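S.K.: Below are the features listed in TrEMBL for this protein:
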{"type": "DOMAIN", "residues": "B:1-217", "note": "domain 'Radical SAM core'"}
{"type": "BINDING", "residues": "B:C15, B:C19, B:C22", "note": "[4Fe-4S] cluster binding site"}
Amino acid sequence: MTPRFAPGVRLHHDTARQRWVVMAPERMFVPDETALEVLRLVDGARDVAAIVDALAAAFAAPREEIDADVRAMLDDLVARGALAG
Amino acid sequence: MKAPLALLAELTHRCPLRCPYCSNPVELTRASAELTTEEWARVFMEAAALGCLQVHLSGGEPTARRDIVAITAAARDAGLYTNLITAGVLLDAVLMARLVAAGLDHVQLSVQDAEPAGAERIGGMKGAQARKEAAARMVREAGLPLTLNAVVHRQNLHNLPLLIDTALEWGAARLEVAHVQYYGWALANRDALLPTRAQLDDATRIVTAAREAHRGRLVIDYVVPDYHAARPKACMGGWGNNFLAVSPAGRVLPCHAAESIAGMVFPNVRETSLREAWEESEAFNRFRGTGWMPAPCRGCAHAERDWGGCRCQAFALLGDAAATDPACALSPHHAMLADAVAEAGAADFRYRAFG
């Protein structure tokens, strides 16, 4: 699976409040730190494995330990309408 | 003081439709008084700097402006999430493509009824429904998300199930079922538009069932009419709390209907910055927070939940914008809403028009 943002959804830096927000049609939400790290790697080119690799490298974490968590996070973001599967 | 999250940009009052519940003021602004492209671009930059994250490009009909593409691009350049609120009847494939290239994020398309005859009678424009359906297709083909906005009332609530079908057939991911709110044009047409209690209860049941039936496919937002309520709506989430509007002529408003309150003077973007208007103007501070509240709002446990309801409604119905909204059961004037419901039942509309 190669995650990408759902139509009309994008990550936006809210400079006035010093935070990142997910902007979507007629709604917005503030992702937690973990979700934000995942969302920043979603570019429509990286597949799930590549996203896991990037996070494993960035946080010096064993790949096999974070793999399930990242997949669960992606599923959750799809369920919330932020990402298209 | 919080920073605003959203800006409603009312680009023009011009519109090919004549809906009798139009949210524009009864005194419509003519094209010659409208802000220029450059003025709107400055408003968007100032709104983003102030903390706004999204802009609703609205009207009237925003695509009636010849510079709608440049305006959309300016909103995106300012970093705002851009939502076009349109009747759809002026959209064509060329304009759609140019709006997408300009960075438009989302389209909200209005529909007046599910059946063309009813829709075109309510909207006051022949041939509108087919154009709207075509507009919905263009939005979807352009890859943009589509919200359908259905304003509902006494004369179209019987078609609510068909309106939900229409949203699905036209490819909308969201549907707003918005009961008419009674200001301006809608107040003038209240006898023709107010639903009965039975109509409201049916509608609520239908929306609840449809949400369940179409979960994952269609999100339904539901706005109820406050004439049948015991608690007033938290109008705009509080006056000057997280929302501001700019009128076609540049007036900065806490809500799009605020100009209906006689005697209030609103700042204009031609004379002041958006930040000054938001933070320092007398108009924005007049009903901000809870300090202005009289009894029974003062000290009420709901004061910071409903903010005393709607200032425009208090003014329209009681002649006093600082009174408790009569939609609240604690208002000594609450019974007047039930009286209005009992008296409703007119058939004919007074259509929106330039005076």
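Even glycines carry a Cβ here, placed using N, Cα and C.
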S.K.: Within the same chain, and leaving aside B:C15, B:C19, B:C22, name every residue whose CB is within 8 angstroms of the centroid of the CB atoms belonging to the recorded [4Fe-4S] cluster site, in sequence order.
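M.R.: Close Cβ neighbours, site residues excluded: B:L17, B:R18, B:Y21, B:S23, B:N24, B:G60, B:A87, B:G123, B:W185, B:R352.
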S.K.: For B:C15 ([4Fe-4S] cluster binding site), what residues in its own chain, 6 or more apart in sequence, show a Cβ-Cβ distance under 8 Å?
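M.R.: The answer is B:C22, B:N24, B:G59, B:G60, B:E61, B:A64, B:A87, B:R352.
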S.K.: Under a criterion of Cβ-Cβ distance under 8 Å and sequence separation of at least 6, what residues of the same chain contact B:C19 ([4Fe-4S] cluster binding site)?
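M.R.: In sequence order, B:Q112, B:I122, B:G123, B:G124, B:V151, B:W185, B:Y351, B:R352 meet the Cβ cut-off.
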